[in-house]
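S.K.: To start, I am sharing the structure in question, which I have written as structure tokens.
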Amino acid sequence: MTTRHYDVVVLGTGPAGEGAAMSAAKAGKRVAVIEASSQVGGSCTHLGTIPSKALRHAVKEIIAFNTNPMFRDIGEPRWFSFPKVLDRANRVIDKQVMGRTEYYARNRIDIYFGRGKFKDANTIEVNTYEKGPELLEAKKVVIATGSRPYRPANIDFSHPRIYCSDTILSLSHTPRSLIIYGAGVIGCEYASIFCGLGVRVELINPAKKLLSFLDDEITDALSYHLRDGGVLIRHNETYDSVETTERGVVMHMASGKKLRADALLFCNGRSGNTDNLGLESINLEVNSRGQLAVNDTYQTQVENVYAAGDVIGWPSLASAAYDQGRAAAANMFGAPGGEFISEVPTGIYTIPEISSVGKTEAELTAEKVPYEVGRAFFKNTARAQITGEAVGMLKILFHRESLELLGIHCFGDQASEIVHIGQAIMKQPGKQNTLKYFLNTTFNYPTMAEAYRVAALNGFNRVF
């Protein structure tokens, strides 16, 4: 068996693995990555972030066509099958894989396609798909194997009418009705997508409200627009069992209700991909969700083994995962840029989309911070009136005495882009983080960015 020597070996080529590998390679280290799939990119590129967002964009264009009065004058509404809409996502995946493969080649990072397993803390055996088993010895190892959907044992996921968030992208038809169990980020995003395709959707939420980590006003807006689009939301509901037939599924609820639909999408939680890694051989333990614990340098209990991305749990965002991997690589060799990633913007790609950074009103109230609120409704901005994307708002939370920005919350078209302006000002040191930036800055007109000036004026007028 061939043994190859590296400074760093990274398990996984998703955002966290890519961030760690690229950072280590640019620091002059010899790096290898191990990918369990046949292509680089991880679940983010093939099963999660990229295909679902490409799918969402296609559905959003269909909705725009079917609701724009100008198009209604020249033809009837058009509806597309789920597989046809999915073709667009597949084209994006191919481009992403090609680009990322080039990045690894350009940085002279060796790629091993196969499954890696620890022999000891410095040795990993890779059962490659082409050349058979090989041994990789490394001074440092990064576990960035990501996560997978949680699949309870009492649901038959092999049934053709039952899907998880990984398998839903293989759906070969457009169901007339769909039960989505789990109203987290993934559940809400897919509820928007299928609702936009004309599917009758029931969204089952085991909690008492949607996305409770968001600001209450944003959550209320999301709930309203999902219902306005035809989604039936059921809060505080859990299931007892799922009955399957050739024509659909029946979900028996703990409350006694019975729900019937053509298909079921179960997306209630995720588990870390840590099984079959041989972690027992290095005495590395995982929690009940298969996730690894790390310190503020992304180091695990084993000195030379680090972890990043979904496999360590919160915040389970592709954007944060890349930075976590980069920080882990920096910490390995004492390089700058190894700060623990804590303040990250949240992007939720419902229709309309949501993004936020910083504190919510509930958090500031609990902390007894004297804050004030500034709002700008998109319907009052010229750009939104021009584009027809008038649904939504920008909300700024700031300290009423120092005018320091404390939170930015956005709901509506381009929310995940708009939030970064506020994030940039919030990251400024000292008195440079101030609401006055928006009051004194000239914004292009007409733009969505000018909502910051409108919201700042709205909030500043409340200060006395």
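The backbone N, Cα and C atoms fix where each Cβ goes, glycine too.
Feature list, courtesy of Swiss-Prot:
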- Glu35, Ala36, Ser37, Ser38, Gln39, Val40, Gly41, Gly42, Ser43, Cys44: FAD binding site (BINDING)
S.K.: Which of the three DSSP-derived classes (helix, strand, coil) applies to Glu35 (FAD binding site)?
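M.R.: It is in a strand.
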S.K.: Measure from the Cβ of Ser43 (FAD binding site) and count the other Cβ atoms within 10 Å, all protein chains considered.
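M.R.: Taking every protein chain into account, the count is 25.
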S.K.: Which residues, in sequence order, are found in the same chain with Cβ within 8 Å of the centroid defined by the Cβ atoms of Glu35, Ala36, Ser37, Ser38, Gln39, Val40, Gly41, Gly42, Ser43, Cys44 at the FAD site, excluding those residues themselves?
M.R.: Gly12, Thr13, Gly14, Thr45, His46
S.K.: Specify the secondary structure state of Ser43 (FAD binding site) as given by DSSP, simplified to three classes.
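M.R.: Note: Ser43 (FAD binding site) is helical by DSSP.
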S.K.: Which residues does Gln39 (FAD binding site) neighbour through Cβ under 8 Å, counting only same-chain ones at least six apart?
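M.R.: In sequence order, the residues whose Cβ lies under 8 Å from that of Gln39 (FAD binding site) (at least 6 apart) are Thr45, His46, Val97, Thr101.
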S.K.: Check each residue in the chain of Glu35 (FAD binding site) that is at least six apart in sequence and keep those whose C-beta is under 8 Å from its C-beta; list them in sequence order.
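M.R.: Once residues fewer than 6 apart are set aside, Glu35 (FAD binding site) is near Gly12, Thr13, Gly42, Ile111, Tyr112, Phe113, Gly114.
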S.K.: Applying a 10 Å Cβ distance cut-off over all chains shown, what neighbour count does Gly41 (FAD binding site) have?
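M.R.: Summing over all protein chains shown, Gly41 (FAD binding site) has 23 other Cβ atoms within 10 Å.
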S.K.: Under 8 Å between C-beta atoms and at least six apart in sequence, can you list the same-chain neighbours of Ser37 (FAD binding site), or say none if there are none?
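M.R.: Result: His46, Phe113.
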